[in-house]
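**Q** Sharing a structure with you now.
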Amino acid sequence: MNQGSGNNESRTRFGVLSSHFRPSPFPPPPPRSRMASSEKDAALAAVPSDAPTIFDKIIKKEIPSTVVFEDDKVLAFRDISPQAPTHIIIIPKVKDGLSQLSKAEERHIEILGYLLYVAKLVAKQEGLDDGFRIVINDGPKGCQSVYHIHVHLLGGRQMNWPPG
């Protein structure tokens, strides 16, 4: 009898353990759903302005970052909340009124092109030979949370379309 109850006990334990491996009848939520919501909330809470941002503090080395590229014009560093295996932020070191893409003027043409060129250099450096995505968020509905123009370089996984 003791052996039988032990057998039931092991079956019960096995049943509990194996229940963790059974597919759920419900599809899992997208892995970024919680993050996407907080990013959206941050973007909606951000006030568009020319005031100094967290990126200005990163440029001045007042806040640490993992820099992957730097020259006299731009700084590229790993995002602290990555949305892909490779997620790098590329920013101009001088804001020059360019808080968002919709504020761009003719005088910004050179730096805007240079940001994209650096994205290409960093993508190559990061081994993103199979492709990558470039994102520039603009304004609250574009999910911009930091008002210092920046390029997101995303790669290392298959991207989906439409993006969001």
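Quick reminder: no glycine exception, Cβ is built from N, Cα and C everywhere.
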**Q** Tell me which range among 98-102, 148-152, 158-162 TrEMBL lists as motif 'Histidine triad motif'.
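**A** Checked against TrEMBL: motif 'Histidine triad motif' maps to 148-152.
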**Q** Given the model, what does the mean pLDDT over the motif 'Histidine triad motif' (148-152) come out as?
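**A** On average, pLDDT over the motif 'Histidine triad motif' (148-152) sits at 97.
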**Q** Could you list the residues of the same chain, at least six apart in sequence, whose Cβ is under 8 A from the Cβ of His150 (active site, tele-AMP-histidine intermediate)?
**A** Phe55, Ile89, Ile90, Ile91, Ile136
**Q** Using DSSP, break the domain 'HIT' (54-164) down into helix, strand and coil residues and give each count.
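**A** When I sort the residues of the domain 'HIT' (54-164) into the three classes, I find 32 helix, 25 strand, 54 coil.
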